[in-house]
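In what follows, a single structure is set out as structure tokens and then discussed.
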Amino acid sequence: WPDAPSQPTPRPPMALSLASPLACGLAAPAMVRPAVQTRHVMMSAADGMEGISHETGMKTWDPLGLADLGSPATLAFFRHAELKHCRVAMAAFVGWLVAVSGVHFPGLCSFSEGVSFEDISKLTPLEQWAAVPALGKAQILLAIGIIEHNSEWKIKPHYMAAGGKPGDLKGLKSFWDPAGLTSKMSAAKLERQRLSELKNGRAAMIGIISVLIAHNVPGSIPLPINFPAGPSLILPFQ
């Protein structure tokens with residue numbers, strides 16, 4: 001019998017794919033591994049500090065990067081200033097509400113000048129300050145200065161030093177808490193109260209600015225509140 005015609009042996013597809021470029025004098029393409037991109041997350045110096053809550057999405061809200069402008073002492077100064085502004089704004093907003101409500105102390109504000117609290121209560125809030133006699137204004141400013149002096153020089157360690165705590169007024173003894181309410185609170189309760197103070201203070205800063213604007217620019221606040229038109233913002237400093 002004649003030999004059967006030989007059949008060419010088929011090559012595997014992979015061998016063909018590799019042999020073709022080699023036969024043409026070309027190098028086989030190398031396997032390229034996709035590059036892994038590493039994302040660097042910038043940490044803020046304020047991360048983990050009190051004040052982070054639902055209003056900020058449980059994250060630090062510092063779009064301008066103010067917390068990273070200086071050292072930890074600088075950040076402690078910023079936090080202490082924020083707490084002081086919060087407390088002043090809360091007192092100012094409550095004072096504004098009292099001023100517009102007509103509530104007042106009985107008797108005279110100044111015996112020498114014959115100015116009564118009732119007479120002052122009939123004025124707008126900024127006019128009430130202007131109507132206080134100069135000696136009364138000096139007493140108010142002196143009391144503020146004494147509190148500020150004690151918070152800066154009498155409380156050790158200082159809030160900008162190691163171990164200090166911004167906003168701590170324990171050096172004023174019972175002045176800041178005469179009823180001793182905080183001494184009966186647990187650590188968790190105190191933490192919640194500190195957060196509440198920050199949140200209420202921030203709201204009060206917005207509130208007092210709002211009433212000052214509405215007081216001086218009628219119609220600037222789109223709320224059905226009858227803000228009386230009064231003197232400009234510079235009146236207390238004249």
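Yeah, the Cβs are placed from backbone N, Cα and C, and that goes for glycine too.
So that you can see what the record holds, here are the features copied from TrEMBL:
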type: BINDING; residues: Trp61, Arg87; note: chlorophyll b binding site
type: BINDING; residues: Glu82, His85, Glu197, Asn200, Arg202; note: chlorophyll a binding site
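Feature map: annotations from TrEMBL on the structure.
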residue : record                     : Cβ contacts under 8 Å, 6 or more apart
Trp61   : chlorophyll b binding site : none
Glu82   : chlorophyll a binding site : Leu198, Gly201
His85   : chlorophyll a binding site : Gly201, Met205
Arg87   : chlorophyll b binding site : Glu197, Gly201
Asn200  : chlorophyll a binding site : Cys86, Met90
Arg202  : chlorophyll a binding site : Cys86
With a radius of 8 angstroms around the mean position of the C-beta atoms of Glu82, His85, Glu197, Asn200, Arg202, what other residues of the same chain does the chlorophyll a site pick up?
Leu83, Cys86, Arg87, Ala89, Met90, Leu198, Lys199, Gly201, Ala203, Ala204, Met205
